[in-house]
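Copied from Swiss-Prot, the annotated features are:
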- 115: active site, proton acceptor (ACT_SITE)
- 121-365: domain 'Radical SAM core' (DOMAIN)
- 128-370: disulfide bond (DISULFID)
- 135, 139, 142: [4Fe-4S] cluster binding site (BINDING)
- 194, 195, 226, 248, 249, 250, 327: S-adenosyl-L-methionine binding site (BINDING)
- 370: active site, S-methylcysteine intermediate (ACT_SITE)
């Protein structure tokens with residue numbers, strides 16, 4: 001009997017509630033921020049305006065101190081400071097690769113840790129963020145998959161990773177200064193720790209904040225969500241987020257994908273392709289990215305390349321195929337395909353008319369490359385009662 005991957009998970013999301021009882025405004029939707037402001041003394045008629053002002057200070061200017069919000073009355077600033085706070089994850093370690101890649105280990109509520117990676121390139125700067133502490137999917141080639149799932153990240157902890165990186169890059173604009181169109185952090189990829197679609201609501205709320213035109217102001221075309229194939233949530237992603245989609249495909253037969261990406265036992269290749277075919281039209285995306293890690297003797301044959309093309313053509317999916325040389329980690333059960341084999345695989349796809357870039361490995365000297373992320377301090381799964389005790393809830 002085959003093992004079914006779960007549709008939902010036995011995992012809790014811990015809200016960011018500080019010991020003194022103040023509410024963290026980071027991660028709240030505009031509607032929720034309006035509610036909490038009214039609950040703590042903001043006149044209802046002023047609440048929408050106040051949300052707009054505070055929102056810009058937090059997400060456009062990167063301000064964390066209410067006293068610095070100079071377009072608010074001094075008494076109101078004091079009132080805000082009494083009831084609210086502006087908190088983001090704490091950076092524990094920061095490693096910089098020889099190629100300029102930065103890897104951050106950040107601490108969140110309960111003492112848990114996640115990893116975040118910034119990858120600078122000539123024409124862009126990409127931040128790879130996490131959505132869960134650990135992961136439940138146990139993809140056999142992925143280092144994160146060896147770390148037990150502890151919990152989902154809150155919307156504050158997800159968008160807080162973006163804010164933390166902007167802090168480190170010194171990229172918050174200064175009010176009144178000339179606008180600089182050059183952005184060091186121009187793209188977000190949800191390709192860090194965890195399966196984003198198993199934490200849909202928090203990921204959606206965080207990305208809505210990142211895309212807000214009065215805040216961080218990233219276009220949805222600059223945000224890519226990578227999923228292993230949580231089929232029921234793919235349509236929701238198109239409708240409610242509308243960002244670009246990448247699929248961790250990695251195999252062309254169910255037999256191999258069941259091993260590499262075990263969620264395939266729940267939603268097989270045909271079910272996945274059917275869901276992917278509808279995504280571009282609903283989300284207005286030009287194409288879907290197929291991520292394909294190259295494993296020596298496992299999924300890298302010419303026959304695999306032709307099967308991959310057959311899948312894409314059969315479902316008429318506008319696609320780009322990202323070929324990823326396997327980044328080895330201690331105890332990994334696979335080896336990287338040879339450069340010649342990867343190039344031959346890419347050439348078959350390219351000759352068929354599809355883009356097939358070979359991803360340049362970045363940050364592997366600091367274990368920041370694709371598939372290498374894992375918290376330095378690993379935590380086992382905890383019960384809701386244990387987590388609540390840790391966080392003082």
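Glycine residues also receive a Cβ, built from the backbone N, Cα and C atoms like all the rest.
Note that the structure is predicted; figures quoted are calculated from it, not measured.
Structure coloured by features recorded in Swiss-Prot.
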residue	record	CB count, 10 Å
115	active site, proton acceptor	24
128	disulfide bond	27
139	[4Fe-4S] cluster binding site	22
142	[4Fe-4S] cluster binding site	26
195	S-adenosyl-L-methionine binding site	29
226	S-adenosyl-L-methionine binding site	21
248	S-adenosyl-L-methionine binding site	26
249	S-adenosyl-L-methionine binding site	29
250	S-adenosyl-L-methionine binding site	25
327	S-adenosyl-L-methionine binding site	22
When distances run from the Cα of residue 249 (S-adenosyl-L-methionine binding site) to each of the recorded positions 115, 128, 135, 142, the nearest one: 142
Residue among the binding-site residues 135, 194 whose Cβ has the most other Cβ atoms within 10 Å: 194
Residue 248 (S-adenosyl-L-methionine binding site) and residue 115 (active site, proton acceptor), Cα-Cα, nearest whole angstrom: 19
Those recorded positions of 128, 135, 139, 142 having Cα within 10 angstroms of residue 327 (S-adenosyl-L-methionine binding site): 142
C-alpha spacing of residue 194 (S-adenosyl-L-methionine binding site) relative to residue 135 ([4Fe-4S] cluster binding site), in angstrom: 5
Cα-Cα distance linking residue 128 (disulfide bond) and residue 139 ([4Fe-4S] cluster binding site), given in Å to the nearest integer: 18
Length of the line joining the Cα atoms of residue 194 (S-adenosyl-L-methionine binding site) and residue 128 (disulfide bond), in Å: 12
Cα-Cα distance maximum in Å, computed over every pair in 194, 195, 226, 248, 249, 250, 327 that the record assigns to S-adenosyl-L-methionine: 19
Conformational class of residue 250 (S-adenosyl-L-methionine binding site) under the three-state DSSP mapping: coil
Cα separation, residue 128 (disulfide bond) to residue 226 (S-adenosyl-L-methionine binding site) (Å, whole number): 11
Whole-number Å value for how far residue 248 (S-adenosyl-L-methionine binding site) lies from residue 142 ([4Fe-4S] cluster binding site) (Cα to Cα): 11
Rounded inter-Cα distance in Å - residue 248 (S-adenosyl-L-methionine binding site), residue 128 (disulfide bond): 15
Assigned conformation of residue 327 (S-adenosyl-L-methionine binding site) - DSSP reduced to three states: coil
